[in-house]
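Asks: I have a structure I would like to understand better, so I am pasting it below and will then ask my questions one at a time.
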């Protein structure tokens, strides 16, 4: 067995497909550094299953794919195929040639194949492991791995021997068996826990199953008794329903007879009503005339009374004389006060002048005192200076004079700088002025453009604001419309009538004018009180006449609608507002004062007459108590709707919404809808106009903005020049300002120096004077200082007195001026009051004259109205007499109708009650039938057939012999009821019953038996696995012991050949445990006593590692070995020794050596050269070497790339 071919495609630097045809013997791969020689070794390791990226000299597995160069793009995959000659059958596969391939994709995926058939990596590793090619890859010795062999742990060195001996497959079997043992241990633990848990559950579940068995018997008894009771109820219900059906015919015949009598009486009533209707207009007209004349008379009486009262009041009120002071006297007093104020002004001026003089005197005195104080200080300093020495003062005088001369020179320089800067600023200002003249022309047009742009911007802003306002107004209008519409619709739904009155209003009859609530107008807040006063009539309808009311009642009854309430308006054309004859009691309001009656005053006036509206129950009680014995007050109604009379009361509970309030709210909502709709239309038109205006304004704004940009471009050039000149002017002015400041500072400093010089000169002169004269000067200066200080104190006291005098005079002036102003205001107020009194007197006179005229006309009208009222009263009495006779006839007929109607209503009610009873019986029968289906799963007929009252009841719980019948008893409802109660109690005593307990218990028992069997199987499997592990350990120990002995023996021989005179050996770390013991290496080169590997030289370490590997190779030969520059660190002597061993290995194995050594190349049977051109891609050339007796070399190409 040997490697036959190696093909690389896109692997590392081999971008193109490259095939190496390998031969038995030694094959050397040569080439310069970096050409890709080691990539061949990496390819061999990779294709045989290497999974470590670091072992392939990469950071990740994707690094094996050709990454591209400057001239070639990167590839998407790497592929390596290795063909092995298996003629000797070393690999356990029925092929003489075996090709294994591995492909890596840039996405991270990998593919493996054996002879073109896809497989797993594990399959390749298993195939190679039998030939000594395991995961440790000891047959491939890469760069730097020799030292790694020596640095390896004893356990890792044992791994090399095990791999060569083919133990790895046994290790895998053991690992697999141990993993199975671990999994079976976990499964066994879970099964044991599960069996324990199930065994624990079986006890309680067995008890539940026993309860379920007993419950099944009780439930059967319960179901039987319940079914029999239900069948009895159903039979009784059906019997009762049949009896009710039999009574229907008798009741129908009686009702038809009474209905015929009722119709005949109604016909007679209709004839009489038509006669009464014919006379009704005359009576109504006479009554209406009398009511109108009575109302006019009452109004005239009220007017006359009011006019008389006003005449009395206005006549008694005479012209009131003025009560206040005389305005002229007040003006005179104010003038005297002003005169006194002018006199005080003279005193103020005098006091102010005196104060000014005192201030001047005080200032002069303080100035003299300060001068005297300075003079005294100077004399003191002179005395002190004399003590310090005249020489020092003379030196100071000279120094000050020198500094003053230097400051003079600096002043001259600064004045020159100031003149130069001022001249430069003037020149720049002249140029700036010329440019400003040029820019003025541009700015003139700019101002017009700015004005136009500002106006356009303002127009756009105004348009946008107007648009926002219009949109907000439109949204508000829509919201208002939706709100009012929703409120109106809700109120209309609330006002819909579902009784007889509603049906009558919906019929569209001409004589029905509408709901009564539409004819009432009530002041806000009193709707509930008025509705309570009217009572049920407030929900009624308005008809045009009494005849119309009769027809409406007849139509309602015939149509079978509910109860109706009607109000007859007649030809009521009276006043909408009915004025009560007397004032309302204290704390109350007449109901007629808050109600406006549209066409129903004659009908509702008497109903509301005498009704007093109050705020609460307390006021209602007080009004009734105060009106005791007065006929005008009939009822007191609170705002909440409580009604109180002297003998009764009604109300309480929660306040309810009444028809009047709902109608008023509906009208308000309807008006709100119309207002909101109109507002929305206006907002829509406004929004359209504003939108159009805004569009025009935005167009104008854009045009002016474009003009401004063009003007700005023209102005920019001039502005830049002006900016530069402005900067120059600013710099020149700044420099001039700095020079002027420096001059000012220098002049101030010079003045200070001059003062200092004068002071020093004075001090020098004083110091040079006679001591006695200085003492006299000191005494004289002290006396002058004291005199001046006393004079200053006197001046300050005089100033204080003068200021107090001024303030006193000013206070007197303010007081007198305030009194004069108050007198002037009082005079003006009194004159205005007298003018107002005169105007009021004129108005009173005019009103008194008007009241007298009204009283006269009202009195004359009353005399005339009394005659007309008497005539109208007579005509009304005649008409009423005729109507009374007609009403008497109608009363008799109506009495008959009422009797027949009552009887008919009773029969109808009985018919309806029976019909309701029958419906209830049907519903009860249906409920019983549904209950039978739902509770028992039986149809009604089956229930009656099997469990009816006529079916005997079997006796349960009695043992019956075979062939005998079950004993039965007759049905007894009491016994069956007791039986049901007994079964229910028995079932309750059993508690909660698990109906599935029997099935669950059986299933759980079956599962328990199955799991017990599974536990036994798992334990048997574990015993089998433990036996396998023991067998594997025995086999591994045997094979390793043999391989160890052979390797140790070979190492002794190889080490002695590589290190003549040296000593090396292999040791076991734990000889007693051949399964886990490690392998240690001891090496002592000739002439040295050290045995530690870390103390050996680099070449010695390499030779020791080679000795270990060759010992393994010779003990357990492998088909091939790959060595990458393993001899690089050896000298010529050691290299010769190693090459001898290579020749010996060639006899049994194939060697592939990566080398730079010429002597190594000389022993090769074939040479492969790896090169790399400028494109960064590796290429391969080959040469086979044929060895003859004359040792000549002949070349033949064996590979292409």
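Just so it is clear, glycine is given a Cβ too, placed from its N, Cα and C backbone atoms.
What TrEMBL says about a protein is an automatic prediction, not a curated fact.
Okay, these came from TrEMBL:
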| type | residues | note |
| --- | --- | --- |
| BINDING | 32, 33, 34, 35, 36, 37, 38, 39 | ATP binding site |
| COILED | 171-201 | coiled coil |
| COILED | 404-487 | coiled coil |
| DOMAIN | 510-624 | domain 'SMC hinge' |
Asks: Summarise the domain 'SMC hinge' (510-624) as counts of helix, strand and coil residues per DSSP.
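Replies: Secondary-structure composition of the domain 'SMC hinge' (510-624): 50 helix, 22 strand, 43 coil.
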Asks: Residue list, the coiled coil (171-201) vs rest of chain: Cβ under 8 Å, 6 or more residues beyond ends.
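Replies: Residues 129, 162, 1004, 1007-1008, 1011-1012, 1014-1015, 1018-1019, 1021-1022, 1025-1026, 1028-1029, 1032-1033, 1036.
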Asks: Sort out for me which one of 32, 34, 36 has the most neighbouring CB atoms within 10 A, since those are the binding-site residues we care about.
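Replies: That would be 36, with the highest Cβ count within 10 Å.
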Asks: Among the binding-site residues 33, 35, 37, 38, 39, which residue has the largest number of other Cβ atoms within 10 Å of its own Cβ?
Replies: 37
Asks: Kindly assign residue 32 (ATP binding site) to one of the three DSSP-derived states: helix, strand or coil.
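Replies: In the DSSP reduction, residue 32 (ATP binding site) maps to coil.
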Asks: Find the average pLDDT over the coiled coil (404-487) in the predicted model and report it.
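Replies: Per the prediction, mean pLDDT sits at 75 for the coiled coil (404-487).
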Asks: Quick check: with 32, 33, 34, 35, 36, 37, 38, 39 left out, which same-chain residues have Cβ atoms within 8 Å of the centroid of the ATP site Cβ atoms?
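Replies: For the ATP site, the extra neighbours are 13, 31, 1170, 1172, 1178.
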